[in-house]
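**Q** Checked TrEMBL, it gives:
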type     : residues : note
DOMAIN   : 1-113    : domain 'Protein-arginine deiminase (PAD) N-terminal'
DOMAIN   : 115-167  : domain 'Protein-arginine deiminase (PAD) central'
REGION   : 160-179  : region 'Disordered'
DOMAIN   : 183-242  : domain 'Protein-arginine deiminase (PAD) central'
DOMAIN   : 253-626  : domain 'Protein-arginine deiminase C-terminal'
ACT_SITE : Asp319   : active site
ACT_SITE : His438   : active site
ACT_SITE : Asp440   : active site
ACT_SITE : Cys612   : active site
Amino acid sequence: MAQQRRIQLCTQRPTSTVCVLGTELSLDIQGSAPKDAIAFHVQGTPGVKVYVVHETQSVKLPSSVTRWPLAAGTEVLLTMEAISKDVGDEKVRISYFGEASGVPVGRAMLYLTCVEVSLDADTGRSGSVSRTLVDKTTWTWGPDGHGAILLVNCDRDDPKSRLMGDSGEPQSQPTDNRDTIVCSYEDSIAPEEYKHVLGGEKLAYAVKPSQHQEESIFYVEGLAFPDAGFSGLVAFHVTLLESPEKGLLETPIFTDTVVFRVAPWIMTPNTLAPLEVFVCSVEDNEDFVAAVSMLAEEAKCPVTICPLPENRNDRWIQDEVEFGYVQAPHKMFPVVFDSPRDRGLKDFPVRSILGPDFGYVAQETPENTSSLDSFGNLEVSPPVMVCSKEYPLGRILIGSSFPRFGGRRMAKSVRNFLAAQRVQAPVELFSDWLQVGHVDEFLSFIPAPDRKGFRLLLASPSACYQLLREKQEMGYGEATMFQGLHGVPKPSINEILGNEALRKFNAYTQSCISWNRDILKRELGLAEQDIIDIPQLFQADNQARAMAYFPDMVNMLVLGRHLGIPKPFGPLVDGQCCLEERVRALLQPLGLSCTFINDYFSYHKLDGEVHCGTNVRRKPFAFKWWRMVP
């Protein structure tokens, strides 16, 4: 329905007004009628379409009816379909008649100037601004949805600068007369590269009329991602103001509105193609860096090595950052999410990653952060369908103390931020049973050629005990762990199976993993065929929390079909590590290549593994986030 504006008429002097293209004017014929008038006649010039609404019927003029009763229900509407060439170049005349009078008892003259005012953006999500008939005041999801998209200005234009800048290209197009663009205070956003006209304390901007400028272009960028206090929706309004007599305030005669949604930050799962591998070089991990580099070369993926002066002897790059991206129809670029842990690598994301078309985001958290705030405790599944509900960008997985009361939990500000993005609905898992407390200590995702396109790997004490009992029954009970590692105790299969305290503790850890297994099956829509159990044992620390008994094989680096798996140093059976042999038997039929990397002293003994010591920037999803229905 077109916007409508009421116009007051006068029989003593002509009235002048502006008609905005695409709107209706409703003429107040009653208010200007002489007291003895009982009927009226209306006539307009060719550029004006005039309608009389009488007894619920709308009649376009001219018609066979020459005079209309001046009744309470009678209304005159008019529209214009072409922009005026001169001020007041079209007009409408109302003639009033008394009872049985052939001569008008009064006339009201209205002079009209038609202008075009429209606030346009890429509401059709085509990548370019165009005029559209869709409702610009709403923003809808889905393949048939509409509404413009805004990118957060979170990258750095000038590599030498410490400021962030550069982003998107939504445009508005107000013309003629005096227009005011208005931005709600809580929605304020501000461009920095161009003249700053809106955002912050600047809540309105006047566009001065010009005979030579048919449109004004505004470049719009966001300053913040969706969060607990910000839905991500931003409304802009353009208002045409009419100047009355001197000394009076201007009055609004037309408003157009367009609603944007700020593009969310999106995580990428292991199953997406790798674009760049990150690893830290510290004092004692030269062989590890070489092994990761060789694996990356096999996967045809470049490697970025963070040197010691930049990492300050902090090797846990997975815990420091999470790579993702933002996307609008006209542009897409990677964005790194900086964790609250702030150890040796705390300056690395800003100093070495943030740059032109590479964004950065972080969340303020209380000072008393826990290990669960590190991003080894932040993973995302591949796309899934759960009870007919699609998650085309997967679901975020974070570790928590749930179902325990109390305990450690990821910072609320980070959890709120992840949930507010809306496109990868988070799932909380139970990870507080682990010493470090990260979900990547008991799960991982790998690509697969069948079923859902992936498999979920879960650490499994039960599968490990089953494997060791098989080898014991085959006569290999004296085969020992950790061969080739100096200064490390070498328990045999018999000793491990005979260790009652170890068995009981692993029964407990298996129950914790099984709890998570049930959550993952329910929240990701998985069947048992989608899950592979990876043999793994845990041991208790002095607070009865779990640590990996041998290098944790699910904590792996996934580069397409190339897997970098912590070398478990399991019992040798016929010269082969039986743990490696079992993992190969489970994963190689899926077309995956298993490379076992020795991280025992450089990572495992420091309570981490291959995944903890690496990070990967991956190719974005082909699916466009705005086409989903959250």
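Using N, Cα and C of the backbone, Cβ positions are placed for all residues, glycine too.
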**Q** Summarise the model confidence on the domain 'Protein-arginine deiminase C-terminal' (253-626) as a single mean pLDDT, whole number.
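**A** PLDDT averaged over the stretch: 97.
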**Q** Take the Cβ of Asp319 (active site) and count every other Cβ within 10 Å, whichever protein chain it belongs to.
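**A** Excluding its own Cβ, Asp319 (active site) sees 26 Cβ atoms within 10 Å.
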**Q** Relative to the Cα of Asp319 (active site), which of the active-site residues His438, Asp440, Cys612 has the closest Cα?
**A** Cys612
**Q** If you draw a 10 Å sphere on the Cβ of His438 (active site), how many other Cβ atoms land inside?
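**A** 27, counting other Cβ atoms within 10 Å of His438 (active site).
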**Q** Counting only residues 6+ apart in the same chain, whose Cβ is under 8 Å from the Cβ of Cys612 (active site)?
**A** Trp316, Gln318, Asp319, Gly376, His438, Asp440, Asn555, Tyr603
**Q** Counting every protein chain present, what is the number of Cβ atoms, excluding its own, within 10 Å of the Cβ of Asp440 (active site)?
**A** 26
